[in-house]
Amino acid sequence: MSRPTETERCIESLIAVFQKYAGKDGHSVTLSKTEFLSFMNTELAAFTKNQKDPGVLDRMMKKLDLNSDGQLDFQEFLNLIGGLAVACHESFVKAAPPQKRF
């Protein structure tokens, strides 16, 4: 059996992190608001510590909760991860020195 690729390991890691926080308050397939805050303050501590607005995490939760059930399912969680990945990528692109085009 072949070893997982780097991308496959990243996917496994995302699933494991979601499962680590989901279910502590009841539903094992969703993040409650408390679980979401725990995830953000632990796994994305650099992001949360730099926030000046104390309501930003509440607004993020509401925006991510597409079906308005007060929980984040895995798809809604991935929307957060994808948005953060896009923002990080854009920062890297802006910070990279310009490349010569031939």
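Heads up, the Cβ atoms here are built off N, Cα and C, so glycines get one too.
Since the structure is predicted, the reported quantities are computational estimates derived from the model, not experimental observations.
These features come from Swiss-Prot:
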- Ser28, Thr30, Glu35: Ca(2+) 1 binding site (BINDING)
- Asp65, Asn67, Asp69, Gln71, Glu76: Ca(2+) 2 binding site (BINDING)
- 12-47: domain 'EF-hand 1' (DOMAIN)
- 52-87: domain 'EF-hand 2' (DOMAIN)
- Ser2: phosphoserine (MOD_RES)
- Thr7: phosphothreonine (MOD_RES)
- Lys24: N6-acetyllysine (MOD_RES)
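What Swiss-Prot annotates, mapped onto the structure for a quick look.
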| residue | record | Cβ within 10 Å |
| --- | --- | --- |
| Thr7 | phosphothreonine | 8 |
| Lys24 | N6-acetyllysine | 13 |
| Ser28 | Ca(2+) 1 binding site | 9 |
| Thr30 | Ca(2+) 1 binding site | 21 |
| Glu35 | Ca(2+) 1 binding site | 21 |
| Asp65 | Ca(2+) 2 binding site | 19 |
| Asn67 | Ca(2+) 2 binding site | 10 |
| Asp69 | Ca(2+) 2 binding site | 11 |
| Gln71 | Ca(2+) 2 binding site | 20 |
| Glu76 | Ca(2+) 2 binding site | 19 |
Restricting to the recorded positions Ser2, Thr7, Asn67, Gln71, Glu76, which ones have a CA within 10 Å of the CA of Thr30 (Ca(2+) 1 binding site)?
Gln71, Glu76
Between Asp65 (Ca(2+) 2 binding site) and Ser2 (phosphoserine), find the distance joining the two CA atoms and give it rounded to the nearest Å.
37
Sequence-remote partners of the domain 'EF-hand 2' (52-87) [C-beta within less than 8 Å, at least six residues beyond its ends]:
14-15, 18, 27, 29-33, 36-37, 40, 44
Near the Ca(2+) 2 site, what residues other than Asp65, Asn67, Asp69, Gln71, Glu76 in the same chain have a C-beta no further than 8 Å from the centroid of the listed C-beta atoms?
Thr30, Leu64, Leu66, Ser68, Gly70, Leu72, Asp73
Taking the Cβ of the residue listed as 'phosphoserine' as centre, how many other Cβ atoms lie within 10 Å?
5
Just to verify a number: CA distance, Ser28 (Ca(2+) 1 binding site) to the residue listed as 'phosphoserine', in angstrom, no decimals.
30
Whole-number answer please: how many Å between the C-alpha atoms of the residue listed as 'phosphothreonine' and Glu76 (Ca(2+) 2 binding site)?
20
Taking the recorded Ca(2+) 1 site as Ser28, Thr30, Glu35, identify the other residues of that chain whose CB atom sits within 8 Å of the mean position of the site's CB atoms, giving them in sequence order.
Tyr21, Ala22, Gly23, Lys24, Asp25, Gly26, His27, Val29, Leu31, Ser32, Gln71
Of the binding-site residues listed as Glu35, Asn67, Asp69, Gln71, Glu76, the one whose CA lies nearest the CA of the residue listed as 'phosphoserine':
Glu76
Three states by DSSP: which one describes Thr30 (Ca(2+) 1 binding site)?
strand
Given the recorded positions Lys24, Asn67, Asp69, Gln71, Glu76, find the one whose Cα is closest in space to the Cα of Glu35 (Ca(2+) 1 binding site).
Lys24
Measuring Cα to Cα, how many angstrom lie between Asp69 (Ca(2+) 2 binding site) and the residue listed as 'N6-acetyllysine'?
17
Can you figure out which of Asn67, Gln71, Glu76 (the binding-site residues) comes closest in space to the residue listed as 'N6-acetyllysine', comparing Cα atoms?
Gln71
